[in-house]
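Below you'll find the structure, written out as structure tokens, and then a few comments.
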Amino acid sequence: MGGPRFIQIRASAGSGKTFALTRRFLELLRASRPFIPPSACGAEDPDGFAWPEIMAVTFTNKAATEMKERVVAALKGRALGQDSPTAQAWSPELAALFLERILRHYHLLNIRTIDSLLSRLVQMFALDLGLPPDFEAVFDDEELFGPLYDALLAAARDPSRPEAALLERSVDSLLHLERVNGFWLQERLRDRLKDVFTHVLRSPCKPLSDATELSALLADYHAEFTRVAAEVDSALAADDIKLLANFRKYLDHCLLSKPEDEPKDSVYAAKESIVACLPKACQGLAMPEHEQVYARFREQAEAYRTIWTALTGAGRLAPFLDLAHLLLGRLADQERELGLVLASAWPLLASRLLGHDGGVPEAFCRLGVTLRHLLMDEFQDTSRDQWRAVLPLAQECLSRGGSLLYVGDVKQAIYGWRGGEARLFEEVGSDVALMAIADLEQEDLVYNWRSRRQVVEFNNTFFGLLESSDNARAVAEVLLPDSAPEDAKALLAEDLWRSFAMCRQQVPAKNHDATGLVRVRTVAASSADELETETHGLLTSLIEDLRERGRDWSEIAILVRSNAQASLVAGWLLEEGAPVITENSLELASHPLVRQLVAFLAFLDYPLDGLAFWQCLQGEELFLDACGRSRQEFADWLAGQDTSSVAWRFRRDFPDLWEAWFAPFLSRAGLMSPYDLVMRALDIFGVLRRRPEDEPFAQRFLEVLHRAEERGFRSLSTFLDFWRRKGGEERLPMPEHVDAVRILTIHKSKGLEFPVAIVPFHHWPAGPDHSLAQVGDPAAGASLLVPMRKELGLQYWQRHCQGLLEQVNLLYVAWTRASEELHAFVPPEGLTRATLVTALDLMLGLAGRSEEDALMQVGQPPRRMRQEEVAPLAKLHSAQAAQAETTPANTETLVRWLPRLKVYRHFSADTQYGFTQSERGNVFHAALEYLAWLGADGDICGEAMESAVAKALSLYPLSKDLREQAADELRQGLGWFLGLPQAAHWLRNGRPETSLLNEDGKVLRADLLVELDNELHVIDFKTGMPASDHREQVLGYMRLVARADGRPVRGYLAYLDRRELQEVIPGTGGMAA
């Protein structure tokens, strides 16, 4: 196909990007040879290239699957003699030949995601990297960070270990340098360390973290700053020029400051001229040399403020950085041990492998195939690390006479938070190394094949405003706060102008006459609550109007910014009886059947888990429908029971149900895998026969079980632990043929289209950036890792501008999803703090909306009459409510499940403190438990007893007098007990808080169980007056221990405050002192 080709395609929304990629892939396929290439390690074939040497890289698995399907469908159509727009040049015979080859070797059809490409490369070099070749990808850093952090805390318990010192420095940084408020530091400490760990994991450069070096650098910069300030002072004093009082104070503050003092923010550090800092009587005395020295001071003040922020920020993060590198050093061992590799590390690993001489040929040799043509989709969402890894492959393709084609649209760059770098789209087009091989060919897809004329023309008018640099500047000024510097406003204006240059699209002839509609309505509201109420009403009315005009539920999509907004809108529509599908409604962990199956597994794993067993009993999907009983029956039964095990009482009171439904599983729980247990449960309980609508969730759960088993989670305990950590991420794919309103986030809607798109909210938050930044320090010859703060200057504003640009891109993505109707509800300007609303108000005014108009409309509603009459939402809701009254309870059609709020009470919340008899007993028990631990390795000394007293009393907020009184009681009681001849042996060899299971399945706990050679001792500690139930309690323990062990058992009651030891003798009705 000629020489090398370097092609850039700009593809706006709905312009047929996937069509263009598929057509290009098929063109290359037609020019290739229809057989498998020889080994990549051999000589290059001079006669052309084979079809597996064509690679298309997409952003998501869904896009890769869709493109594969399109390629196969196009070849199949041509093989059958049908027309195919993407494969018109193919003869039926050639299409049939290639189709047969591809289907026989489908794994060689090289259409994959960029993640799968990088994963494959790393896998081929796994042994060189010290990794197992069959490693498993981990997309959540927490999966490996969590165990590393736990090991760190465990090691830090030894004060001699380096982890302890680093952890202490990190806590000091939070408390004293970052001034973190609140009592609980654990989560803040962990979150901060994880942020730093994640950063260093993705960054090849090691930032400076030595506290001494950072302090020395700060001292140097401070000295230079004060020197320049002294220059100003001495230059003006030499000519007897007085200063304004406030400037004098500011200058004195600078001269007397210390390196650790935060630089004072003053308007006198940013005046255009020294004259503005002088009283009127002295302004005429200012000379050019005074202006020069003040200009140096002004520049130095701004630079010092930025440098001070960077160096002090780096100092706060220094201990966390050292800890992060410590964890990073242990990460490789953990990856090898667990067979896991973080997906976030793939780009750096692949870049390292391919970047050296001979790296690409060796990679081709190991992959078994070379590359000649590379096609990349959604390039605006590619990260720099990903492109750095792929670049050697692209250069190799061009140097071998092949091609590089990349497609994207910077207006749809909405994944900056995930590392996507939209600027790469233009940067790659001007890459010197690539252009040295082939000149860049640019192509614009100018037609919008998705939307009707009115929708396209509205978006052309609205977003086309940003093609004007003046309009882009005006929008940038309202998006940014007033305090933003001029450089930031100019930067955002240029980014807006560049992103939306040539954004106007043409309408193909097929859509010229079709009717479309755009309605942008300003919501009349004066408060946030009223805004929500009015939006609710407008949305309900709009849905009713759409239904009356013949729209199916499935034609309507509601696009929101967050899952919280999705839940809110779903609740509104469900109240009105409308069927909805959200991303959260497809979560496996939220579906009732899956929740009951997980509870069933939890019960089988630990039969004493009463809550899990009760969830099984109350589940209609699994148990109630199968056994023909009702929830109320079991609720009434539970209300009359004691506190023993629920499962054991159920076995006693419902033996037939127990033997039929639960006993068979319990007897095999240790022998069957979780997958087999669930398969058996679905069969025995007849779930899929009774509830075929739940089959997709059941099948998906079985798939999760199978994958978990392949990963090594083969027992009930390990699977349940896996499910607790990862179950919330599992979802069903969004169904395409269900008649229900789709509610999804704008990010998830990218690449999709809907007949009707509704965007009900536009007050999207753009809060302060609390992420980390790596800044360079030329003087130090190293970089610094710092918290992102406004005082960092341009770097902060660059990040802030990127976030604001992404908000405008999100608006573009949302408003270009509609093929026939677009509806948007916009809050009134000034009601919210969201600057996007202000920008919207400005742009809508420029687009032709008058200030008096609450509705801006383009086009007319397409009307499609139904054969049947459609009930309004209110009547639909009433009809469903009436139906519910006549429907049996076990045919629940709408399931709502809400998380319960757990409220924990802490002693410090009490207003009156005391030391009750119950609390006295609890404190004595706690102290003895500490003593048992302390005495496990030898004799207990007085220091150990004092430590136990202090730890036990820390559980209660006592006044000073009560604390001293309680401490005395504890010392006397514990001293008496430790003086007993048996005490030392009991504490060294006993097991505190030993669990015993009685006949009813209730768990009892003996305070101390001691195993001797020929007998066992049970000791129970008490305070207060002796009581008969104390004896019965110990006798119960003795019976259970004797039955389990068979050896003689002796029981004792130790009254610590009375300093009495009584032996409990069975059959005597009394006790021996």
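Cβ coordinates come from backbone N, Cα and C, glycine included.
Feature annotation from TrEMBL assigns domain 'UvrD-like helicase ATP-binding' to 1-452. Look at TrEMBL and you will find Ala11, Ser12, Ala13, Gly14, Ser15, Gly16, Lys17, Thr18 tagged as ATP binding site. Residues annotated as domain 'UvrD-like helicase C-terminal' in TrEMBL: 487-751.
Shown on the structure are the features that TrEMBL records.
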residue: Ala11; record: ATP binding site; CB count, 10 Å: 24
residue: Ser12; record: ATP binding site; CB count, 10 Å: 24
residue: Ala13; record: ATP binding site; CB count, 10 Å: 24
residue: Gly14; record: ATP binding site; CB count, 10 Å: 21
residue: Ser15; record: ATP binding site; CB count, 10 Å: 22
residue: Gly16; record: ATP binding site; CB count, 10 Å: 17
residue: Lys17; record: ATP binding site; CB count, 10 Å: 22
residue: Thr18; record: ATP binding site; CB count, 10 Å: 18
Q. Inside 8 A of the center formed by the CB atoms of Ala11, Ser12, Ala13, Gly14, Ser15, Gly16, Lys17, Thr18, which other residues of the chain have their CB, for the recorded ATP site?
A. Ala20, Asp409, Leu445, Asn448, Trp449, Arg450
Q.
Check the DSSP secondary structure of Thr18 (ATP binding site), expressed as helix, strand or coil.
A. helix
Q | For the domain 'UvrD-like helicase ATP-binding' (1-452), mean pLDDT (0 to 100) | A | 89
Q. Taking DSSP three-state, what's Ala11 (ATP binding site) in: helix, strand or coil?
A. strand
